[in-house]
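The structure under discussion appears below in the form of structure tokens.
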Amino acid sequence: MNAGILGVGKYTPERILTNFDLEKMMDTSDEWIKTRTGIEERRIARDDEYTHDMAYEAAKEAIENAGLTPEDIDLIIVATVTQEANFPSVGNIIQDRLGAKHAAAMDLEAACSGFTYGIVTGAQFIQTGAYKHVVVVGADKLSKITDWDDRSTAVLFGDGAGAVVMGPVSEDKGLLSFVLGSDGSGGKYLNLKEENDKLYMNGREVFRFAVRKMGDASLEVLEKAGLQKEDLDLLIPHQANIRIMEASRERLGLPEEKMIKTVQKYGNTSASSIALALVDAVQEGRVKDGDNLLLVGFGGGLTWGALVIRFGK
Ligand code: UT7
């Protein structure tokens, strides 16, 4: 059984925080942020708006978009690092709110690579025939763990959620290949500081790792799928930094119009980053039936994940 995407949904908070707003909050500039990262603005959730609220909205839209009801869902996987509590999981909370009575639910932590890990995990249940419909959500409220006194990280992140419903698709569609990886020795470069529960990052080290891994994983996953670079229709990379994204695009020899870019409007939204980029691309009509999509991400852990999926049922 091949596992593909049946529907998509997203949620982004209303409040927009621009680079000019940040200039008033800390010693930074629109010019620095734009040239170093490509980010122009990001969405910030309300204090009373949690990761599970955003995940719920995205999942609800994805289920409707797939033409299904919550009772059709067998499993909910939420990739996140910003759950309000270790348990119940975000998955449990939204399972109840959706009324997905027959669904198992769990969270998955692989930081910014979480959505790729989630898709691959969900696909296993469908490919084996164990489950028919799996909701995979990438949701994070990074503003909650952002150290607003550290300008080198505070300007990078935003909040949001994206979701897909996965299910059985025809023989020539769905997940074609994947690569997942971990290098725990790099955990020291990107983590949650114990003393204040805020995010710490060594930007230069993560940058170097990201450029290498995004390129390597992309080429590996393409080869595993038995495809050539020119067979790719869209590259959907983790939206952390336009310079890292451009390096991946160049390794794949793709023209600019074949890369989805949302970093300018959402910033780095962690587990929801690739999900939001995919959902935007679908909703804007940029993804056609039969298109070969390459999703690739990296993040805390350190982790990475890449996959090729042929869109359509
Ligand atoms: O999903 C998680 C993955 N994380 C990432 O993708 C992050 C990967 N790393 C990066 O994207 C980049 O390393 C950053 C955007 C974080 C930083 O860019 P950079 O080109 O590596 O800059 P840098 O850290 O080498 O800093 C250059 C200068 C420094 O000043 P000096 O020492 O040269 O005088 C910083 O103090 O820029 C300064 N700086 C800033 N200036 C204005 C650092 N942050 C800011 C800021 N505004 N917000």
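Note that Cβ sites are derived from N, Cα and C of the backbone, with glycine treated the same way.
Here TrEMBL gives region 'ACP-binding' for one range in the set 29-33, 99-103, 239-243: that range is 239-243. Sparsest Cβ environment among the active-site residues Cys112, Asn268 (other Cβ atoms counted within 10 Å): Asn268. In three-state terms derived from DSSP, Asn268 (active site) belongs to an extended strand segment. His238 (active site) counts 30 other C-beta atoms within 10 Å of its own C-beta, drawing on all protein chains shown.
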